[in-house]
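Pulled from Swiss-Prot:
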type: BINDING; residues: Thr44, Val45, Gly46, Gly47, Thr48, Gly49, Lys50, Thr51; note: ATP binding site
Amino acid sequence: MRAYLRPLSFLYDQVVGVKNNLYDRGVFGVFKAPVPVVSIGNLTVGGTGKTPITDFCLKSLVADGKKVAVISRSYRADASAPCLVDVDHPFAARYFGDEPVLLAQANPQVSVYVGPSKWRTARYAVEKHKYDLLIVDDGFQHRRLHRDLNIVILDATESLSNYEVLPEGRARESWAGIERADVLILSKCNLAPEDELKALEARLPKNKEVLYFGYEIQQCQNVKTGQVLHRDELKGKKLFLVSAIARPDVFEKMMREIGEVSNQSLHFRDHHQYTADDVKNIENAFKKSQADYLVTTGKDAVKLRQLFNDTAILWSTSLEVAESGRKGRLHEIITQVLR
């Protein structure tokens, strides 16, 4: 099947290549913000673990006393103009987007802005307030906005064949685009088979600094009551999973390290907007599975919280990332653009 898609991938790659070439030659205009801009992005269409890395960076910058704003796109959301995310909005996830709301909830000292165009949203943010730094969420391909640092995340669990250009693979542009990156991050390294990790490393440009991050679920929190269960308390328990993320297989793999995952678990398409009917189907499937716990991701919890408002059966995972090797190196790299 993939071979039949190759001609379409070739055409797509040519179009993207022309666009990038025009940006490289300065034909297209670029907005340069009055403060440093750091992009955290990827080559593929999603599921690299970008949001946890962004959250990791925000927490380290806030701890260092920096005033930071996040620039994101209102993907599959209702916001039609640049605006500041309001976590108290009655339908926050639907209006602003699940990932922006998740980042805003986890980092109350950070301003998170969304809009249909990242460069316009960045302009809106710096016109409203003074910041030390802008973090552009998923900004690698958005070249209309100048950035001072390009961080690209590569999923260590991703098959190398998926780095073929869309629609044959999952890449938004060819592997050659990685040369625009200043720093590469290999995510989920602890979840990747050693041979696959080595194959990915062998393909990386030799002139790029590479950082390694591991991902682990340490606990679950009840969405309604706030009760926390450590991973050790879930050992031997049957877990029914529900998610709408790009890589549900990775979510399942992490949960299998904790408990027994039900084979009746439900996974929707990435960024799916849940409905009341979805919740009824989830509840019915959960009951039929006879699982002990109904577990979802943090990103999904921001959308499901209100829909499960009358019951305390839903639990949200807490994903932690750990920097391997030289601790604090990513923070050091980012703060260098402030000097």
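Along the chain as shown, residues are numbered 1 onward.
Keep in mind that glycine also has a Cβ here, set from the backbone N, Cα and C atoms.
Shown on the structure are the features that Swiss-Prot records.
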{"residue": "Thr44", "record": "ATP binding site", "Cβ neighbours (10 Å)": "22"}
{"residue": "Val45", "record": "ATP binding site", "Cβ neighbours (10 Å)": "14"}
{"residue": "Gly46", "record": "ATP binding site", "Cβ neighbours (10 Å)": "19"}
{"residue": "Gly47", "record": "ATP binding site", "Cβ neighbours (10 Å)": "22"}
{"residue": "Thr48", "record": "ATP binding site", "Cβ neighbours (10 Å)": "29"}
{"residue": "Gly49", "record": "ATP binding site", "Cβ neighbours (10 Å)": "26"}
{"residue": "Lys50", "record": "ATP binding site", "Cβ neighbours (10 Å)": "24"}
{"residue": "Thr51", "record": "ATP binding site", "Cβ neighbours (10 Å)": "25"}
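In this structure, Thr44 (ATP binding site) is part of a beta strand by DSSP. Note: the ATP site is recorded as Thr44, Val45, Gly46, Gly47, Thr48, Gly49, Lys50, Thr51; in the same chain, Asn42, Ile153, Asp155, Ala246, Arg247 also have Cβ atoms within 8 Å of that site's Cβ centroid.
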